[in-house]
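Single-structure report; data block below.
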């Protein structure tokens, strides 16, 4: 009778590994770096760190004696401590070392900071210049783009003046040459004619700032182009290693293109007959000159910015783009016939299972579309396509297999070199070669450094390799570049490894207590069949039973191995997901229930897809061998084998998405105190069943207090500016680039979103990347209503994502249809949310409660009709039919939101006789000259005017004429392009405007502004001197809160 026995008992639960003194010093160093941008959480973490370091060594009584021995009044309130086990001579050196590391981290981070530089005059003038620079690095991006980092950049103006720019420049090259042709490389010189701008992200507190990310990399400027227009010229020769890598890459992609479909096979560039233009382009990229006249490769689209999603890096797009999706052009009739196959090959690979092979081999996601990557992200498997430590782990596993094989073939070698050290020797060249082949990206270099640290520790026979190795690697990385600590990729990598090092053993032990993973121990003695005496069996029968028992034992051992492997994979997956959960939620504000797909996908990727891709890569490089046809066939077969699991994955995800099961689940983005408390609870739960159970209980209590502290703060600060309060109101104008999105927070935390911004470009969803992260910062993803002033892309597109995935009670618009594409997206989103499109007109009320109301002043109820100056009815244009909303409290105008009204609509509004007075005016049409009307400013009489525009936008919004008119009337103007997000708050009671001085959550990820700063106005504007006392009352002059703290626009 088999008896079931668990592998571990509660008493055998592994303890968490303790930290060494040098690791406490490393943590103090990291706290110092973190304090540069987030001082409060760094202070709290440092305090906890000092307590954790000193208490186990010297005891609570010693700490009390050393910390309070001078505070006589306090010490008399405490019981007398017992004799101290340690003296100040032993406590102070440890504390001094940590304090020194902390101060050194603060100083190093301050020295490494790159503050934004003043913008040169030609950039403010939106002037096109001749940009020349040397290629420093090339990073392939999704949707057929390259991000080229340029160094030593010089800008030549039309008047002959040359301006040298400090720092580096990122050039986003959309639709470059086909991927099957050689690319530009480090060392080459590039020249093109285009506008150049400073790097800048979207300045919304609590959201990711791509501008800060680029400045941390030493990149201060950005430029964008599409195709080979813009008088593009490429000269000089890249490095020999780059040329070798490009040769390997193009050979591989040509073989992939052959197997991508029934199209014309593409041979290597050297063997293909080329026209003069194609030959010049290919040879120029590698050895010589390329001129912009070879521009038939791709169409030269109207210049405009483009953005990237946060899949490592995000380009900033803060000025107005040309609407429409980005795409590669089809081969044109007059295109050189030799380039058409290359473009066809690009199309063949785009969004196919074979597009994963270049991503795994070269880190090249050039042919992966945004939609596919979004789908993989929803399934929690997108990380498998970003080259990192997981892929190096597969190569290290291959090195271990080679070490095992060497030990089997030559056992004597294990007497001189143990198998772990032999595995390090075999894995080192494989890892180094893969890092070079993958482009030596920062993620790969960091992972390789971690593997080098682990290998060094193994070589020196050190225990605790995993934990010590990650501490060594992070210390070395931040010593080289302190600001790398704010890189989200490093944070996730380090958290994943730390989670494994600290939690894997306890979680694995807990899983083995569950019935599916318990070990079943059986009696292994050979027994005769029931009813037969053992002595009655013949020799042949006993041999048969012995053979049967051996087979049964092997099957049982295989089952045991499979059970242990499954438990180990599940435990590792759970540890990583639990450890990274707060950071993932904070940065992406979604949680996915599909993370368990990694249990199936990652083993298949590591054992089939990646090895088959490497085999296909090796075979594809054997074109010069006598059996070239056979090797090419083997390469194609290997790539097809690698693509089979990917095909199944893509088909499965497509089915899940069509069934509506693969969708994001929005979550509240927590406060940094909650994140700290979560990690405390997680760590101490892992030690709950050890001999340190009392310490674990105290730690869990502390963690729960920290976890719930923000909720208590939120309840006690119900009238605070961050949450709107139970009786307060706030208006927030988000920084969404060249668009507009306004969030009105009403009493009892009811919120209405008016417009959502948008760009109409594939790959960047304003609602997902900007609007929803702002909505979910310390608040649930819920809205009382959404209002769209008019269905233009720059006001509507950002509303689609919150309509689909947030809890929205009501949707309203101006009743006019948008473009065919926008109308289709809106109809689908409304159907998904179960809402109808409600049309609003003048006289309607969008929200009302206790004297506070959001009323509609425009358009007229006779939709689309207005009277001109001669009194004749005339149809309203799309902009002039936009909703105009006025926030009123007991007759006192608080804010007026004008949409995109121009002069025709403004005349209709002024002629309606409605009360337009308000303390804050959101300028019509982003401050365009076509909306300039001093009569409006006189009717509104605002304390402040605010506008939403993109940085250095091509329309020069807000117009200089509008700025001059407001300045003449003494009305300060604040603009999101210069000031970032703008927030105004009215507290409860009499609702006087008060300044909000709330800081950003200090636990925000890398790249966030540290805190909002105050923009003060000490004098009352002259135009308010005679304002109606019923509205002015005794309220103080309003004050605005901006991100940058810059003065009003001149």
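Heads up, the Cβ atoms here are built off N, Cα and C, so glycines get one too.
TrEMBL annotations:
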- 312-321: compositional bias 'Polar residues' (COMPBIAS)
- 322-334: compositional bias 'Pro residues' (COMPBIAS)
- 57-227: domain 'DUF4131' (DOMAIN)
- 360-686: domain 'ComEC/Rec2-related protein' (DOMAIN)
- 294-340: region 'Disordered' (REGION)
- 992-1050: region 'Disordered' (REGION)
- 385-407: transmembrane segment (TRANSMEM)
- 419-437: transmembrane segment (TRANSMEM)
- 466-486: transmembrane segment (TRANSMEM)
- 492-511: transmembrane segment (TRANSMEM)
- 567-588: transmembrane segment (TRANSMEM)
- 594-619: transmembrane segment (TRANSMEM)
- 670-689: transmembrane segment (TRANSMEM)
- 696-713: transmembrane segment (TRANSMEM)
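Here the transmembrane segment (696-713) has Cβ contacts under 8 Å with residues 670-671, 673-674, 676-685, 687-688, 690, 778 of the same chain, all six or more residues outside its ends. Contact between the transmembrane segment (670-689) and the transmembrane segment (567-588) is supported by 3 or more Cβ pairs under 8 Å, counting only residues 6 or more apart in sequence. Long-range neighbours of the transmembrane segment (466-486) within the same chain, counting only residues 6 or more positions beyond its ends whose Cβ lies under 8 Å from a Cβ of the stretch, are 17, 20, 22-23, 26, 29-30, 33-34, 37, 105, 108-109, 112-113, 212-213, 216, 442, 446, 449-450, 452-454, 457, 494, 497-498, 500-502, 1005-1007. Note on the domain 'ComEC/Rec2-related protein' (360-686): mean pLDDT across this stretch is 84.
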